[in-house]
Amino acid sequence: MKVVHTICPGCSVGCGIDLIVKDDKVVGTYPYKRHPINEGKNCSNGKNSYKIIYHEKRLKKPLIKKNGKLVEATWDEALSFIAEKLKNYNADDITFIASGKCTNEDNYALKKLVDSLKAKIGHCICNSPKVNYAEVSTTIDDIENAKNIIIIGDVFSEHALIGRKVIKAKEKGSKVTIFNTEEKEILKLNADEFVKVDSYLGVDLSNVDKNTIIIINAPVNVDEIIKTAKENKAKVLPVAKHCNTVGATLIGIPALNKDEYFELLKNSKFLYIMGENPALVDKDVLKNVEFLVVQDIIMTETAEMADVVLPSTCWAEKDGTFINTDKRIQKINKAVNPPGDAMDDWLIIKSLAEKLGSDLGFNSLEDIQQDIHRNKLL
């Protein structure tokens, strides 16, 4: 038995988590007590995050659709098929979707491939705020020292460890004001003042000062809020949705809100999706797609619609880095081997590039990390 230190993939807080491994299988989790963010505390989602590794719909082999059914294929067959299809489309008709659930290295590799093809690329931030992270320097640790905490949206339901920091600050005497479009009991319970708003555009920030931190987890214009905060010397902490939403953005992949994301999908003929599942929300956004490739860890609703499905490794089966919501670069560590023929996302992308006759300039994870560093992206 061994214990592997890594980072929880459940949200953007970036909590440390220990995976308990026995006979090359993760059998449980244990608090990473020395981790600076969560100090050994993990929410229920974090404690159960390893269970996705053994999901009943876990992908283990490449699949190609033949006569309306997805059947097993070799990697060579699947990648050759994709490469041949790609050659039939103009760059304007080709779209690649990156993911805030994949590592920096995976997303960077995908961006390099897309740049070589001059195609379109984006990643969905869902209902998270769209942020210029160069303007953000606030950390999660700043929450406990704030005298006045304003929350726009909800950090208690999906980002429990940030919620915990807010509660600790409140116990020290901080005033907590929460603005939300829904009247949730968990928000009312933890607020000194709860304000229901029809729109997040109606949030009143007239009383912010140097002792204020504004925590945002809602689709708002963060630039305007940052401007107001700077004028009053307040701090702003945007909260991203996924474990590496921030990383995907900093790597240089356009961050798309839900409407922008769906519009991009609707205008794509060749669509390659890495680690996302838009069909779960609306299958109709894919109705104009002529050829669909899905690269993922399980058979999702989107993968079921695909012409080719490529099995990738999950967070516990690879090395790499995530960037959390306050821009900390953190290393994830491989704990177990992947099932079947599943491959790391970056390696799948490199292999596809080779089928297209393109050299992306890297042969290892370390090569990618050096390239990222050389280009001063992170």
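Glycine residues also receive a Cβ, built from the backbone N, Cα and C atoms like all the rest.
Feature annotation from Swiss-Prot assigns [4Fe-4S] cluster binding site to Cys8, Cys11, Cys15, Cys43; the stated evidence is sequence analysis. A C-beta separation below 8 Å, combined with a sequence spacing of at least six in one chain, links Cys11 ([4Fe-4S] cluster binding site) to Asn45, Glu158, His159, Lys241, His242, Cys243.
With helix defined as DSSP H, G or I and strand as E or B, the domain '4Fe-4S Mo/W bis-MGD-type' (1-57) counts 10 helix, 20 strand, 27 coil. According to Swiss-Prot, the domain '4Fe-4S Mo/W bis-MGD-type' annotation covers 1-57, on the basis of sequence analysis.
Apart from Cys8, Cys11, Cys15, Cys43, the residues listed for [4Fe-4S] cluster, the same chain places the Cβ atoms of Gly10, Val13, Gly14, Ile17, Asn38, Asn42, Asn45, Gly46, Ser49, His159, Ala160, Leu161 within 8 Å of the centroid of those Cβ atoms. Cβ-based neighbour count (10 Å, all protein chains) for Cys43 ([4Fe-4S] cluster binding site) stands at 20. Averaged across the domain '4Fe-4S Mo/W bis-MGD-type' (1-57), pLDDT in this predicted model comes to 94. Within 10 Å of the C-beta atom of Cys15 ([4Fe-4S] cluster binding site) sit 27 other C-beta atoms, taking all shown protein chains into account.
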